[in-house]
Amino acid sequence: MNGREQFATKLGFILAAVGSAVGLGNIWRFSYVAGESGGGAFLLIYIACIFLIGLPVLLAEFTIGRRGQTDAVAAFTSKAPKTLWPLGGILGVLSSFLILSFYGVIAGWVLYFFYSYLTGAAASVPEGGFESFFTDFVGSTAGPIFWQFLFMAVVIGIVYFGVKKGIELSNRIFMPLLAVILIVLAVYSLTLDGAAEGLAFLFSPDWAAFSDPGVYVSAIGQAFFTLSLGMAAMITYSSYLPKTTRLPSAAGNVVLLDTLFAIIAGIVIFPAVYTFAVEPDAGPGLIFIILPEVFNMLGSGGMFFAILFFFLVAVAALSSAISLLEVSVAFAMRKFSWSRKQAALTVGTLVTLLGVPSALSQGGPLGDFLIAGQPFLDFVDMVTDEYTLALGGLIIALFVGWGWKQEEALNEAGLSGSPIGSIWIWFLRIVAPLGIALVILANIFS
Ligand code: PHE
Ligand code: NA
């Protein structure tokens, strides 16, 4: 195995993969995108995308990664040299780079709220006051950058010291804790005045929305983002796997857990949205305006919850961010023959700097600088989730579905001779590519 690192146990790998999947995407992004896309119809289409496209593509990434035992670009090259397939890997490196740039910014917001509860500053905000508490913060210059840099410094530090030590341990403890906190909060949210309205928003679809291509585009983008798909993060992780791990059950676990986290987060958020009369389409700030209202309503116990919650979300974001950085670092290590330390520092610094315009775009100094009508952060988020990730996922599906010999793909995935195997292949060949292509086209023409 030419001396590459490996995961010690199967559990270690599942924890790392779940750690990559569960992050800001489930809580921050799921809520704001569901809110902007009208709730129920979005949720249904999103779940369809997760199971019809996300799950098969995730298994394809696991299969590619473990077969290649190398970084994303080389995983394509070694299997198919002198073809266009390695474009999939290159696109992945590009996506990971762009996504991490703004991911660090949002994680910085989380740290700021954690800190504001630690010092008590957030506890004394009057009811209804978090809208301006939040806008004041993101509208400043030094604040968002400071917290973004702090978060990125931790990410770079962990990648600098290697893959196994950093990731496995923290996920084992903190992921379950985050689940518990979210469930407790969800139960509390169900007692709020706006509960019925919030649940109706999230779970009863407005049928007219099904004819809006924009909802499909958001749903597929969110499905890729939340499962860490289409950019070789999962290829990179599974390249550290021993040949004995059962990939299909690992993929199923990741998808189920990730989806549960998102739905429970939705049950926390939307009842509160209707209780505190905030617009569900408030945008990327949604959870930062809403959740603190809930915590403050809970009195002094709420302070404890708030501190714990923001801490755990920051930890979840950390393991996702590590997997994002790991994609470009693994690539740079092989491509430029850099050491892990050198790659982590160089790539990490570049990504952090690229995040600065995003940090300043939410009402700060770059607030009026719009690209395609959107602030910088929203633009990078949209381009990656709706275009580069989707395109990456398309290439991955086609690569395994059509580019590999069927028997070889089935063997590597551990599905040869199983009916599930042939269903999987046909999803990779037809269903997923067609779905993704239609959505990309709808997006371009609308
Ligand atoms: N899936 C992560 C989340 O939901 C984000 C992510 C995207 C991580 C792509 C790695 C790759 O927060
Ligand atoms: Na996720």
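Each residue, glycine too, has its Cβ placed from N, Cα and C.
Remember, TrEMBL labels are computer predictions, not curated facts.
Worth saying up front: this structure is predicted, and the values here are computed from it rather than measured.
The transmembrane segment annotation in TrEMBL covers 7-28, 40-64, 84-115, 145-163, 175-196, 216-238, 250-274, 303-331, 343-360, 387-404, 424-445.
Taking residue pairs at least 6 apart in sequence, the transmembrane segment (175-196) and the transmembrane segment (250-274) share three or more C-beta contacts under 8 angstroms. Counting Cβ pairs under 8 Å to the transmembrane segment (84-115), the stretch among 7-28, 145-163, 175-196, 216-238, 387-404 with the most such contacts is 145-163. Counting same-chain residues at least six beyond the ends of the transmembrane segment (303-331), those with a Cβ under 8 angstroms from any Cβ of the stretch are 16, 19-28, 70-73, 89, 92-93, 96-97, 99-100, 103-104, 106-107, 110-111, 113-114, 117-118, 120, 122-123, 151-152, 154-156, 158-159, 163, 166-167, 170-171, 174-175, 177-178, 181, 184-185, 228, 231-233, 236-237, 239, 291-292, 295, 340, 343-344, 347-348, 351.
Sequence-distant contacts of the transmembrane segment (175-196) (same chain, six or more residues past either end, CB-CB distance under 8 Å): 15, 18-19, 22, 260-261, 264-265, 267-276, 294, 298, 305, 308-309, 312-313, 315-316. The listed stretches are 7-28, 40-64, 145-163, 343-360; of these, 40-64 has the most Cβ pairs under 8 Å to the transmembrane segment (387-404).
If one looks beyond the transmembrane segment (343-360) by at least 6 residues along the same chain, the residues whose Cβ comes under 8 Å of a Cβ in the stretch are 97-98, 100-102, 104-105, 108, 141, 144-145, 148-149, 152, 155-156, 159-160, 325, 328-329, 332-333, 336, 366-367, 369, 376-377, 380.
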